[in-house]
């Protein structure tokens with residue numbers, strides 16, 4: 001054999017390839033950016049899309065370092081999820097190197113009209129020029145605070161820099177934990193509390209998911225459940241237990257809502273999900289991955305008696321497995337070996353709470369956390385909801401009991417979500433709710449406004465329908481359009497939805513446009529394609545493309561799975 005092919009000898013394989021449009025690469029015309037000045041491109045590799053970006057072993061079980069050379073036109077800033085970068089201005093060439101092994105899905109690229117500002121000693125924020133001042137004002141000094149808190153819990157941050165880039169509203173999820181360079185949708189900037197939680201969740205992934213990764217997508221909870229637990233430990237350290245309990249209550253409400261939609265025996269509610277051949281692992285991304293996984297991790301922490309003891313275990317777990325991929329048994333064996341007294345007690349076989357049952361039983365979590373420390377924030381929500389849903393309605397008492405403008409965002413969205421769960425409401429109730437709160441909610445962030453507008457739609461409350469139109473005319477992101485279109489098409493307002501979509505479709509990314517078209521076409525005969533660029537027409541129309549075999553979102557509103565990756 002040639003020397004290069006001798007056993008145990010290193011050798012090099014060169015693959016020359018060209019990639020066309022693929023699911024990992026999102027090209028945006030200038031009109032789909034905030035600045036409307038330059039084109040934009042970003043990649044999204046999670047879960048198995050990067051095989052359309054570059055040849056790779058597209059599995060989380062395989063990790064490697066990488067280098068990349070990117071040539072771009074002058075005026076286009078290129079960034080990648082790498083520890084080192086250089087720019088040769090004369091040649092217009094960027095060079096990147098990731099010195100630590102990562103799975104393929106964490107290789108990411110973004111290029112566009114981006115500028116930066118430092119927001120901490122090891123962090124900077126990148127955004128379009130018109131967005132940068134807002135991003136600075138929201139995050140300056142904060143990221144270092146969160147990183148320091150995480151390090152105190154789980155050991156050193158190993159990736160060097162923690163930078164953030166804000167992407168246009170076409171970004172298909174809320175946030176993505178690409179190492180050294182977190183991607184976040186710009187739309188979330190106006191919702192302070194959601195921004196805080198989303199960034200802290202991605203910070204937590206630096207330890208859980210990036211350093212130690214689930215070896216198979218069938219055990220995605222190993223990244224998401226642990227990252228959610230770590231996120232809440234960080235928020236408890238920085239914002240207190242009450243805030244953490246409020247956010248947890250909001251998410252667990254959403255989990256139980258999803259459970260009602262899916263049914264308790266649905267196999268996707270397992271932590272160890274069976275991934276059938278041909279199924280995109282991203283289809284398994286649901287609140288069970290996050291919240292049921294979190295509940296299992298929280299249960300493990302409670303077995304230790306003191307969460308600080310569990311923090312010590314997680315530090316040891318990270319140190320042992322960093323830069324590798326693991327399965328659930330690795331975590332659980334390490335846990336029992338770290339706490340031999342628990343192993344002697346056979347906690348893994350405790351009746352009704354067996355580890356095996358946690359992993360493989362369908363349905364809700366076997367145990368949920370005690371959220372009583374958040375009662376000062378959650379009790380007013382429960383009281384107000386009861387006032388509005390108890391017959392006979394005393395609207396004066398309900399209206400005067402609380403000033404929503406003084407509530408935290410998570411309190412307001414928890415209240416509105418519970419009204420949504422109870423919809424349709426009696427006409428008198430929705431009318432009085434609108435009189436009391438509609439004008440107040442108009443000035444609040446999009447996470448709040450979309451929930452009120454969903455209540456308007458689910459209750460066919462026509463006096464506020466113009467606000468739905470106005471909202472959709474100004475939104476280009478999935479998370480603020482899909483839920484409303486799903487609700488509009490479920491009820492009696494499909495013609496209204498068609499009209500609004502016809503008027504706004506050109507401002508939507510083609511992928512989002514296609515998803516909305518699928519929603520609108522449910523139950524309709526195929527409509528002829530109409531060229532809306534040739535001129536104006538008074539007839540509501542939509543360009544219907546061939547329907548794919550499986551709708552992107554199924555029967556679950558995106559509002560219920562709007563979580564960071």
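Positions of Cβ are set from backbone N, Cα and C atoms, glycine also.
Heads up, TrEMBL stuff is auto-annotated, nobody curated it.
Per TrEMBL, the feature active site, proton acceptor maps to 202. Residues or ranges marked as active site, proton donor in TrEMBL: 290. Residues or ranges marked as Zn(2+) binding site in TrEMBL: 201, 205, 224. Under the heading domain 'Peptidase M1 leukotriene A4 hydrolase/aminopeptidase C-terminal', TrEMBL lists 376-520.
The residue listed as 'active site, proton acceptor' has a Cβ environment of 26 other Cβ atoms inside 10 Å. Between residue 205 (Zn(2+) binding site) and residue 290 (active site, proton donor), the C-alpha separation comes to 12 Å.
Across the structure, residue 202 (active site, proton acceptor) and residue 290 (active site, proton donor) place their CA atoms 13 angstrom apart.
Cα-Cα distance from residue 224 (Zn(2+) binding site) to residue 290 (active site, proton donor): 5 Å (rounded to the nearest whole number). On the backbone, the CA of residue 290 (active site, proton donor) and the CA of residue 201 (Zn(2+) binding site) stand 11 Å apart. Across the domain 'Peptidase M1 leukotriene A4 hydrolase/aminopeptidase C-terminal' (376-520), DSSP helix (H, G, I), strand (E, B) and coil residues number 117 helix, 0 strand, 28 coil.
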